[in-house]
Every structure is written in C-alpha cells, then in structure tokens.
Amino acid sequence: MKTVKNDILAGITVAVVALPLALAFGVVSGAGAIAGLYGAIILGFIAALLGGVSVQVSGPTGPMTVVTAAAIATFPNDFSTVMAIVFFTGIIQISFGIVDLGKWIKFIPYPIISGFMCGIGVIIIILQINPLFGANTNSSIVYIVTHLFETFKNINYEALFVGLITILIMFLTPKSITKIVPAALVALFFVTILATILNLNIPTISEIPSQLPDFIFPSFNILDLSSILTFAITLALLGSVDTQLTSVLVDSKLKTNHNSKRELIAQGIGNTMCSFFGAIPGAGATMRTVVNMKNGATTRISGVTHAIVLLIIALFLAPIASKIPLALLAGILIKVGFDILDYRFLQIIQKVTKDDLIIMITVFLLTVFVDLIIAVAAGVFISSFMAVYQISKNIKMKHHRVLIVDENIDIIKVKGALFFATAILLERVINKAKSEKIVIDCTEVSYLDMSAIFKLEDIIEKYQEKNIEIILVIKYTHKRRLLKIGKIFNTIKIYRILEHAKIHIKEELKNEQNISTK
C-alpha cells in the first residue's frame, strides 16, 4: 500500500510540473494550449500503461513541439493534415519498436545530437521573443529575427513586465523552494494572479473548452504525402531518440534495464491516439521523469495518475487556465530553451576535435535557420564522410619484394577494413608492382564490402590482360563471398595462408625452370 501511495503522490506532483509545460508547448506549437494539454494526457496515460519503462513520464517536449510547429506552419489552414502527420508518426514509431530500433539510436554521433539540441533550445528561445513583447506569436524564426526592430518599436510593456517577472522567478527561485514546488508552477499561479489583479491588457491563452475533445479522423491530400511522411519520420526519430535518452537515464538511476521495443511501441500507440483528438505528439520527458523518480515513484501508477490529474484539470479548471498570459508562458519556455542547450558539449567546446566542432556547428545552424530534417541529414552525411576518411587513414598496406627462385615477387599486405575508400588506395599500391606475379595478402582484412570486391575484380582483369598473375591470400569466409559474387575469382589462385602461396609459387617457378632447361 505504501508503494501505491507513493506512486499516486508522485503522479500528482508530476502533473503539477507538467501542466504549465503542456500548456506552453501547445501554444508554441501553434495548435493551441488544449492540444498540448491533451497530448500530455493521452500520451502520458498510454505510455505509462503500456511502456517498457515503469516510471517514465511522457508528454509534449521541446524538440517534438518545434517540429510540430514547423508542420503546422507548412499546413496553416489544414489541421486534419497535421493530425495525419501525428498519426503516421505513431505508426512509424510502432514499426521502430517492432524492429527494435532503440538499440541502434546509441550509435548516433554525439555532435549531431548536441548541435540539434542546442538548435532546438535556441529556436524555443527565439520563438518567445514576440509573445514576451506582446506581439503576434504565429511567426517563423526568420521573420522574428528580421523584424526585431519593428517588434521593439511596438512593445507591449505590460506583457514585457509579466514576462520578465516570470523569467526572474524561473531563474532565481532558490532550490530549497523548487524542491517542494517547481518554479514553473510558482510563476504560473503568482504571475497569473498578479496580472488579473492589475487588470493588465495583455494577450492570454484563448478559451479552453471544458469538455472532452471531439474525435478527429486524420485526412490528407495524396499530393502532400511526401511532406507528411518527411515530417512524420522526423518526429518519429526525434521522439524515439528523446525517449531512449530518458530511458537510459532511468536505468542509470534505478539500476534497471528498460524494454526499448515495448517503450517505442507504446509511444507509437500513444502518438497515434493523439492524432484522433487533435493533440500534439510527444515523447519520454526527462525533467518530468526525474521529478517522478525523486518523489518515490516505482510503478506505472505514477504515470497513469499524472495523466488522470491533468484530465481533471482540463475538465474542471479550464476557465481559469484560459486567463494565463502568453507572456508568462514565454517566460517559462525561455527557461526551458536554456535547459535544452547542451552544456556538456559547450563547456568543452575549445577542447573538442575540429571534425566534431564542424559537425556540431553545421547541425546547429541548419537546425535554427534552415530545416531540422536537413540539419540531421547533413550531420549524418558529414559525420559518415569524416568517419570513412579516418578509417581509410588507419588502413595499413605494406609492399615488399621477395626473391623466390631467382625471381622477384611483389607481396602487398593489407591490414584493416577494405571498402570503397581504401580499395582505391590498394589499386595505387598495386600499380607500383614490377613483377609478373603479385600476391595480395588480405589475411588481416577485417571487413570487405562490395565496392572493394568489384575493385579487386577490375584489378585482376586489368593485370590478366597484361599477362601478370594476381594471387590472393584471404580468409575462408571472405573467399566464399568472392567466389559467390565474381566469376573472375575462379580464374586465379586463392590461398588461406601466405606461406602456402609462397611454396606453390616456388614449385611453379622450379617447374618452369625445369621445362626451359629440357
């Protein structure tokens, strides 16, 4: 009973923390505060009930909200299409769970994650400039940056007053207080009451309906399918990464091993259900999960309780929530934006390698000023290219000549991965050979790709035309692949041990000498 009691109390506490964030993320997404609130309720309930991490709390997050905002900006007057994006996001996440993509997420290079998270943090901060100054909130990053002077000329000082007080509360509230009551909740109640008492003329959250949301069947124009799937894949990947990172954090704190397949499937089901009720998608939320653990949560009851409490607030306290100033939410989100910045990387930025810095800065700039999808794609491409370059530098090729029966034989020893980049280097070394028999020793080749196999075929064919014999020494597993793929490998001698190749060459040369002397 004590465990159940602790979980219920933890769930109530997390709901209090999640409320201002859910409302704020809903507003900044462009879908409205209610969309953020029901995103926290629906995803939070389903992921807690079905997920693979017992204490994880799910709901709208900064990165997911930024991509959702981009989707809404792309389809400004077509909310049904946006919900189709959310629907496909869930379906893709379910498929990720089925194939257990979670175990592969850890292979994403850290500079990509760092650049992306810093970019998301800066985007969230920039998006709060307009509501902080009382201006139109539905503006793009580029528009906000290019119209800063115009915004400063038309400041709503009452909104700025509310926003600045919120920022001060968010950043300066002592830890002794935030351990008991989250700073966001302090700001939410104190600043809303203050704005109401002073009767300030500032924009507030639009009216929040106090009944359950209507059922929406997502629909879309088939011509928009490419854009829809692009956004959906991005959200699914981002949500999976976000969730996986939080799951790993839980494992490290509680000494557990989460079920990544089950967690991603649950996240997918939750986001799919969000699409039917006009809610924005989300993921495993780090801060809310940490609060849950710190308050003694050990089972799924805490996450389910958090969702139920938020539902009660949505149904019975909606009229009060509708009076929350947008500038207040902007102040809360500015702190969220700063929290998302990757200080772990930024603190050592002067010590990282040039390659890592290039990747991080490229992803960061593309995330903020171009497109999140392009940013990640560019980061993966650049990091892959740099990795290939580094691997190609590590391959070792030794070229030496051995005298066998009065004839010099070229032996080229290859050590490392033989793939498309290093196969070209092999050809250059072989071109320096002068003898009529060339031995390529690949016994210490750890990896052999198709590009390298095709390059070997080309080399053999080229030298056969010159009546120069290519002899291959290679592992049995690689030999089987070669013989299956290329017919030309059946025309050359292939050995498993270099000494065997030398013995056979010696016997051949002796036989040739004997024939010539007869």
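Glycine residues also receive a Cβ, built from the backbone N, Cα and C atoms like all the rest.
Sequence annotations record features per position, and here TrEMBL assigns domain 'STAS' to 399-505. Among the features that TrEMBL reports, transmembrane segment is placed at 34-53, 82-101, 108-129, 155-173, 180-202, 222-243, 264-283, 303-321, 358-391.
Same-chain residues lying 6 or more positions outside the transmembrane segment (222-243) and placing a CB less than 8 Å from one of its CB atoms are 56, 58, 61, 63-64, 67-68, 70-71, 74-75, 81, 84-86, 88-93, 96, 101-102, 105, 108, 113, 263-264, 267-268, 271, 281-286, 372-373, 376. The helix, strand and coil residue counts that DSSP assigns across the domain 'STAS' (399-505) are 50 helix, 39 strand, 18 coil. With pairs at least 6 apart in sequence, the transmembrane segment (180-202) and the transmembrane segment (303-321) have fewer than 3 Cβ pairs within the 8 Å limit; the two do not touch. Contact between the transmembrane segment (108-129) and the transmembrane segment (264-283) is absent: fewer than three CB pairs lie under 8 Å, with pairs separated by 6 or more positions in sequence. At the 8 Å Cβ threshold, with sequence separation of at least 6, the transmembrane segment (155-173) lacks contact with the transmembrane segment (82-101), having fewer than 3 such pairs.
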